[in-house]
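If you look up TrEMBL, you'll see 1-107 marked as region 'Disordered'. Marked as compositional bias 'Polar residues' by TrEMBL: 30-41. Per TrEMBL, the feature compositional bias 'Acidic residues' maps to 81-98. Marked as transmembrane segment by TrEMBL: 116-143, 163-181, 188-205, 211-233, 245-266, 272-293, 314-334, 354-374, 386-405, 411-434, 446-471, 491-509.
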Amino acid sequence: MDDAPDPDESHAHSVRARRPSAPAAAETYGLSTLTRRVSSVTREDGALSPLARMTPLAKYEPAPGPSLPPSAAASATDLAVFDEEEDQELGDPSSSDEEAARIPALPPIDGGTPAYAFLLAATTIEVMVWGLPFSVGILQAYWRDMFPEEQSTVTLAATLPNGILYFAGAVVGPLLTAMPWYERRIQLAGLVVAAIGLVSCGFATKAWHLVATFGCLYPFAVALYFPCPLILFEWFHAKRGLASGIMYAGTGAGGTIFPFIVTALLRRIGYRATMITLGVLFAAVCAPALLFVRRRVPVARPPKSSPRRMRVNTVDWGFLRTPAPWIGFVFVTLSNLGNIIPLVWMPTFATTVHANGTLLVSLMNAVTIPGFPLNGYLSDHLPARLAILTSCVVAALSSALLWGFGTQPAALFAFTLVWGASAGCMTAFWSRLITTISDGDPQLPMLVMAIFSCLKGVGSLTSGPVSSALLKLEPWSGAAGAYGATNYGGLFLYTSGSTLLGGLAASVFPS
């Protein structure tokens, strides 16, 4: 199983300040005093903390950040921290003891009310942000009746939010990494703009208005959502995979319930009132949830004494010199080349075999609700490469066999269950991959998550033209099942093959 770094230790290296060098500290405090201070920093389980492991004094080096408040599972340290911008002399050692005593302990990790409150809030935001894009087919059908002469523009408005929500991570991730102290403001801005996008969409009188509002304004919700998977790293360590799976299950929950909500609203109150209601509902649910999306380890305030210096964090790109990130990038790209194809084409394919396509798509989303936590649990207890390879092989076989020979509703029913629980929940493994790639650097998870999201967007974007080209092929004469009865044979194998290649790439991911 992949060894994940202790969050308290990794965050201890995340912010910058200056500590006295060993000779200066020894001269001021006295050798015995400094030795007592360093050696006293132990954890409750008896293991030496990072500070204690820095002895002997000759090897003491300035750490890149200030001492963190002690967690509930650690004893307090009274080692003084000095402001980088102030030239102050070391005073009485007892003053630092008094300051440390006033620092509150960090909340417990992997449990406790604050951790579970965060998980519930993050899952709620996941439901709201991804629910509409995953059920946009209902709105798209209504828009096609509103603007029958502009079908291509309507299709663009329906598909644009999904793509932007993925690709925008490439902007939001580095932005939050560089300026984490503006995180809450960025989230609030995303909430407000997304809600405005939904409300204004109700007043659209032309098809391009849909593109401008739902297609371009609503995806600002990524700023609200994106910090949640990364803050989860601070609250959960041993149960990180399970917690990630529970949060990502919100996508399946949203994709399952929103079609019924939107359909009911359209029938009862009309289109404009429906969009206004959705915008108000989005803000009314997400705003209270955002109150509980808090970091476990407070972000250090930016330096204020030097206005000429740009207040940004710098990223160590040395992690790209190791194989782990590149293996992860290849896996995410390959596994997502065909990931969305069953969700997009199942309704159309179902009509050829007289099955209910809407029901099958809803079922595919619904099965991810237990599927995400299950895959997350497996990532906590199995090596990531084994868990991912198993899931990819199962998904690939379901596409090639159950869907490929699925000329009866029962076979398609089985395919949606298997595919949704395996390939549909592949994101649940991301947290374990990101933990290994980051290797304790607290600034990397946000960046790696942004790259993963962007690569997932690439897969989703390319699947459209690729699948359209494959559907131009003729049915395979003499082939069994849907391979010979329909022109979907190339689509079955492309989906199966890309998923299997992604699993094979992940099979060499370092443990």
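Including glycine, each Cβ sits where the backbone N, Cα and C put it.
Just so you know, TrEMBL annotations are computer predictions that nobody has curated.
Not measured: the values here are computed from a predicted model.
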Stretch with greatest number of CB pairs under 8 Å, the transmembrane segment (272-293) reference, 116-143, 163-181, 386-405, 411-434, 446-471 candidates: 116-143
Cβ contacts under 8 Å made by the transmembrane segment (354-374) with residues that lie 6+ beyond its boundaries: 134, 137, 242, 244-249, 251-253, 255-256, 259, 342-343, 346-348, 409, 412-413, 416-417, 419-422, 424-425, 427-428
Criterion met for the transmembrane segment (163-181) and the transmembrane segment (411-434) (at least three Cβ pairs under 8 Å): no
Recorded stretch, among 116-143, 188-205, 211-233, 314-334, 446-471, maximising Cβ pairs under 8 Å relative to the transmembrane segment (245-266): 116-143
The transmembrane segment (211-233) in contact with the transmembrane segment (446-471), cutoff 8 A, at least 3 CB pairs, sep 6+: yes
